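Heads up: the structure comes next, in structure tokens.
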Amino acid sequence: MHPCNEGYSKCESEKSNSKKRRQWHRKLNQELLTESKLEVDGKVYYSCKQCGKCLHSIYTFLTHIRIHTGERPHQCEQCGKNFRVSQGLSRHMKETHQKIKSFACDLCERNFASRRNVIEHRRIHTNERPYVCDLCGKTFKQKASLFVHNRSHTDNFPFKCSYCDLKFHTKPPLKVHITKHTGEKPFSCDVCGRPFRIKYELKRHKLVHSDEKPYGCDICGMKFKQKRYLRNHRLAHRPNCKKV
């Protein structure tokens, strides 16, 4: 076969497979919509079987389902990061790759790619936690965090470790767990080069290189770089407690 014809056949084959995948997804979505459809007082709703949430819009319902399945079909062509909705990819492109940050925080002047990001960021300053779990009362700054938390009240563990039998409610703790098996430490300090397995560990470590002491004692006002130092310091005010 001529190389041009071979390339053409491969391209046509890929198009055919892509078309079949779209048809298969449409069929699955249609079945899901049929199963989830409710009609109350003449209004149509779609009820999520996982968390019971009811939504009016088909689009909103189908994107909501991805919270439970972990599906992230929108991929960044530059870095490979995946997103649940196209708006998330758009915000990522503006903020990370195009460096377009037109919205400023009025409290610290940090800039963001969208107004929504500013609103969520401001809660760091105000400590506002508007999203409340109906089952345990735990509060969250972001709606997505509440959705993820809700899984902890279910028996659904869709994310399984490929090295052992452990299962997880969400993907992030699975990714952290897998590094125990692989020994991977993907987060490195840009000051001393020390690698860490978890992003939080790197964040905590970087305080060693700074004069920042974000943890203050509410009794005497003394400040510390790490939360554990503050916990142990508080024992000085309560001598009968054991050191942690």
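In case you wondered, yes, glycine gets a Cβ from its N, Cα and C as well.
Per TrEMBL, domain 'C2H2-type' is recorded for 46-73, 74-102, 103-130, 131-158, 159-186, 187-214, 215-237.
The average pLDDT the prediction assigns to the domain 'C2H2-type' (74-102) is 88. Below 8 angstroms of C-beta separation, residues 70, 148, 151-152, 195-198 of the same chain, each at least six residues beyond the ends of the domain 'C2H2-type' (159-186), sit close to that stretch.
Long-range contacts of the domain 'C2H2-type' (74-102) within its own chain (CB-CB distance under 8 A, at least 6 residues past either end) are made by residues 63, 66-67, 111-114, 116-117. Within its own chain, the domain 'C2H2-type' (187-214) is flanked in space by residues 176, 179-180, 223-226, which lie at least six positions past its ends and keep a Cβ under 8 Å from the stretch. DSSP labels the residues of the domain 'C2H2-type' (159-186) in these numbers: 12 helix, 4 strand, 12 coil.
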